[in-house]
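Asks: The structure's right below; bear with me while I get my questions together.
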Amino acid sequence: MSEAEKKIFDTDEKDYLPVFNRYKIVLDHGEGVYVWDVAGRKYLDFLGGIAVNVLGHHYPPLVEAIASQAAKIIHASNLYYTKPQADAAAKLTALSGLGKVFFCNSGAEANEGAIKIARKYACQIHPGKSQILTAWDSFHGRTLATLTATGQPKYHEGLGPLPAGFDYIRYNDIADLEAKISDKTAAVMLETIQGEGGVYPPEDNYLKNVRALCDQHGALLILDEIQAGIGRAGTFFAYEKYGVKPDIVTLAKGLAGGVPIGAFAVTNEVAAAFHAGDHGTTFGGNPLACAAANIVLDTIPKKEFLARVEVLGAYFKQKLMELQKKYPAFIVDVRGTGLILGAELASDAHGRDIVNVCLEKGIIINCTVGKVLRFLPPLIITEPQIDEVVSVLDDVISHDA
Ligand SMILES: *Cc1c(COP(=O)(O)O)cnc(C)c1O
């Protein structure tokens with residue numbers, strides 16, 4: 001460790017709230033699928049800032065759009081119109097077939113807004129219709145409402161009283177939803193593919209059956225595509241793959257290729273529940289973030305781009321499954337679709353170790369829930385880069401297995 005690195009670690013440990021279990025590298029710059037630390041070490045980035053850097057690092061059109069927008073106007077306030085925001089909204093309504101879009105700054109804010117508008121809509125039907133059903137092992141954010149929506153009790157501890165009206169169902173268990181949904185349910189909110197909870201895609205027809213139960217009980221379907229959306233599943237919205245349409249979809253992470261942004265899109269019918277003054281944001285959808293989003297929205301929805309994600313995902317998944325075959329006692333499952341993939345380890349004894357050893361070997365990956373190696377690379381990776389990651393994993397596991 002250099003003096004410069006030591007100084008950054010020491011300062012950060014002294015002055016930054018220690019809520020992150022950080023890995024000991026100081027990132028400095030990136031190019032494509034690679035990032036470099038301050039000491040000049042190069043890393044192949046198969047996490048992409050947790051599904052954020054969808055176009056990789058230092059993507060010239062994105063850099064140019066941000067720079068030229070910054071030179072014009074960074075922030076204008078939502079009291080006025082801007083062209084980048086109107087353009088980004090039009091692209092998202094066209095892509096989703098939904099009626100209206102709202103921009104905010106993060107995933108949690110997008111879900112918070114989705115919950116608010118769902119409740120506002122449902123209370124027009126009857127005032128007691130306020131229940132929000134979400135799944136165990138879900139992840140929806142860190143604000144009080146979204147962490148309550150997050151079906152992981154470890155995130156709730158010590159933070160009560162939590163907002164009322166949230167209940168939980170088992171994901172991929174339609175009978176459990178059937179038992180809990182009622183005319184008191186305002187919305188069912190699910191990740192189309194569970195990410196943080198361990199990379200769990202929906203089973204055949206699950207989401208279609210959820211949609212049908214929602215319709216039967218007059219409940220809205222909110223799909224959280226903050227992680228799985230923006231082309232990651234091989235379709236622009238992951239839900240397109242499963243033949244369902246939500247009433248509300250939430251986005252963030254990759255939407256502006258790294259500039260903070262969030263969004264929710266709703267049907268015109270739901271949108272009518274909000275009037276001027278019912279919701280708002282100072283920064284959300286500012287021209288800088290929307291200029292960046294416009295590059296993402298012009299690039300990723302293209303047929304060839306999405307087809308390439310599908311090909312890369314199938315190739316990567318195949319390689320991971322071969323690794324599982326080689327180490328069946330070590331890797332017990334490989335899940336996911338497109339470039340949201342997970343390899344579940346037999347125990348959580350090795351997860352963080354593997355991530356650390358990979359890092360020493362110049363590969364950035366992630367481990368979630370202690371034992372699921374999670375891959376959320378930029379969508380512009382290549383087959384040789386996949387081979388490199390799999391070969392390093394093979395090497396690392398051969399020492400542990
Ligand atoms: C990351 C994430 C969020 C929260 O997004 P933030 O920008 O961290 O607030 C919500 N839902 C899902 C599915 C996520 O992956």
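Using N, Cα and C of the backbone, Cβ positions are placed for all residues, glycine too.
TrEMBL feature annotations, pasted as is:
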{"type": "BINDING", "residues": "Gly107, Ala108, Phe139, Asp224, Glu225, Ile226, Gln227, Thr282", "note": "pyridoxal 5'-phosphate binding site"}
{"type": "BINDING", "residues": "Arg142, Thr281", "note": "N(2)-acetyl-L-ornithine binding site"}
{"type": "MOD_RES", "residues": "Lys253", "note": "N6-(pyridoxal phosphate)lysine"}
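Could you place the listed features in the three-dimensional structure?
Replies: In this structure, Phe139 (pyridoxal 5'-phosphate binding site) belongs to neither helix nor strand by DSSP; it is coil. Phe139 (pyridoxal 5'-phosphate binding site): 25 other CB atoms within 10 A of its CB, across all protein chains.
Taking the Cβ of Arg142 (N(2)-acetyl-L-ornithine binding site) as reference, residues of its chain lying under 8 Å away and at least six apart in sequence are, in sequence order, Ala108, Tyr155.
Its Cβ placed at the centre, Lys253 (N6-(pyridoxal phosphate)lysine) has 29 other Cβ atoms within 10 Å.
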Asks: Roughly how many Å lie between the Cα atoms of Gly107 (pyridoxal 5'-phosphate binding site) and Lys253 (N6-(pyridoxal phosphate)lysine), rounded to a whole value?
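Replies: Cα-Cα distance, Gly107 (pyridoxal 5'-phosphate binding site) to Lys253 (N6-(pyridoxal phosphate)lysine): 7 Å.
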Asks: Comparing the binding-site residues Gln227, Thr281, Thr282, which residue's C-beta has the most other C-beta atoms within 10 angstroms in this structure?
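Replies: Max Cβ neighbours within 10 Å, all protein chains included: Gln227.
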Asks: When the Cβ positions of the binding-site residues Ala108, Phe139, Glu225, Ile226, Thr281 are compared with the atoms of ligand 1, which fall under 6 Å?
Replies: Ala108, Phe139, Ile226
Asks: With pyridoxal 5'-phosphate as the bound species and Gly107, Ala108, Phe139, Asp224, Glu225, Ile226, Gln227, Thr282 as its recorded binding residues, calculate the greatest Cα-Cα distance and give it in Å as a whole number.
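Replies: Between the outermost Cα atoms of Gly107, Ala108, Phe139, Asp224, Glu225, Ile226, Gln227, Thr282, the distance is 25 Å.
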Asks: Lys253 (N6-(pyridoxal phosphate)lysine): which of the binding-site residues Asp224, Thr281, Thr282 have a C-alpha within 10 angstroms of it?
Replies: none
Asks: Using a 10 Å radius around each Cβ and counting other Cβ atoms from all shown chains, which of the binding-site residues Ala108, Ile226 yields the largest count?
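Replies: Ranked by Cβ atoms within 10 Å, first place goes to Ile226.
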Asks: Are there any residues at least 6 positions away along the chain from Glu225 (pyridoxal 5'-phosphate binding site) with a Cβ closer than 8 Å to its Cβ? List them or say none.
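Replies: Glu225 (pyridoxal 5'-phosphate binding site) has long-range Cβ partners Glu191, Thr192, Phe237, Ala238, Tyr239, Val249, Thr250, Leu251.
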